C-alpha cells in the first residue's frame, strides 16, 4: 500500500524545523510529563493563566485547522490533574474526548481525573450532573455530564459551565478503531456538540499523539476536503498537525486509517460513490482491512513470544 510506504519512508520522522521545547525540558516541569520522549513545542503549548501555585505548564497543544478549536493533550498524571481542570475552565473545553482507558494491559495510561462525586481540583470545583453511562447509540462510548466552576471568587469568561466527557473504549494503543462505524458515531457526536456550544474540544489519550493525533488530523482533513471542498494532500495535513503537536500520529496504520476515515466521510456526504469502480474505494477498503489483520496478527505473535521469555 503506497500510503503506508510514504509514511514509513518519508513522514514518520518529520519534525518541525527550529521548534523549541524549553518548557518541556525544564526541570520544574519534569513531574508533569507522562513520557520523557514525547516532547512539547513551545510555540503551540497551552499556557495556563491561573495554574496551581503559579504553574503555567501542562502537556497540551493548541491545534488549529478543524471546524472548531482543538487541544491535544497527554493523559494527566497525578501531579497535573489540578492543571488539567484549570485548562478545561480557561480554554472553554466544553467537550473532553478520552480515547484511552485509565488502565490498559496492566499499565496506567491516564490518571483518574474524573470524579464520581463533587470534588475540588486546585481552584476548580467539579460537580456531577449526569453519572457516567454507556450511550444507547454507541456502546463504545461512556458519557458523563459535569459542571466546572472556580472556587476562589475569581471570574473568567467561561468560569462556570457544563462539560461533556466522552470516553471511547474501542481504540487500542498504537492501533486503529476496532469498529469504523462506532468511531464515525463518536466523531459525529463530538462535531454536533462543538457546533452547538461553540466550545473547544479537548482530546487526549495517554501520550496525546497517536490516537489523539489521528482524531485531530481527521477533523483537519474533514474541514479542508469535505466541508470546503479543497484538494489537500494528506501528507500536508500530517505536517501541519505535527507542526502544532509534536510526534502526532505514531504508526503507519494510524496514518492509513486517516485515509479510511475520510473515505467514510466522503461516502456519507455524497462526495464519493462506492459503486463507481473507477475511484478504487472498494479496493482501498479491502487492502486496509487486510493490513489491519496482518498488523494485529503480528502484534499478537510478538506478545506471545515476549510472554515466553
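Every residue, even glycine, has its Cβ placed from backbone N, Cα and C.
Straight from TrEMBL, the features:
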DOMAIN    27-265  domain 'Tyrosine-protein phosphatase'
DOMAIN    184-256  domain 'Tyrosine specific protein phosphatases'
COILED    281-308  coiled coil
## Note on the structure
Model confidence over the domain 'Tyrosine specific protein phosphatases' (184-256), as mean pLDDT, sits at 93
#### Entry: Contact set, same chain, for the coiled coil (281-308): CB under 8 Å, 6 or more residues outside the stretch
1, 4, 175-176, 253, 256-257, 259-260, 263, 267, 272, 274
### Query
With DSSP, how much of the domain 'Tyrosine specific protein phosphatases' (184-256) is helix, how much strand and how much coil, in residues?
45 helix, 5 strand, 23 coil
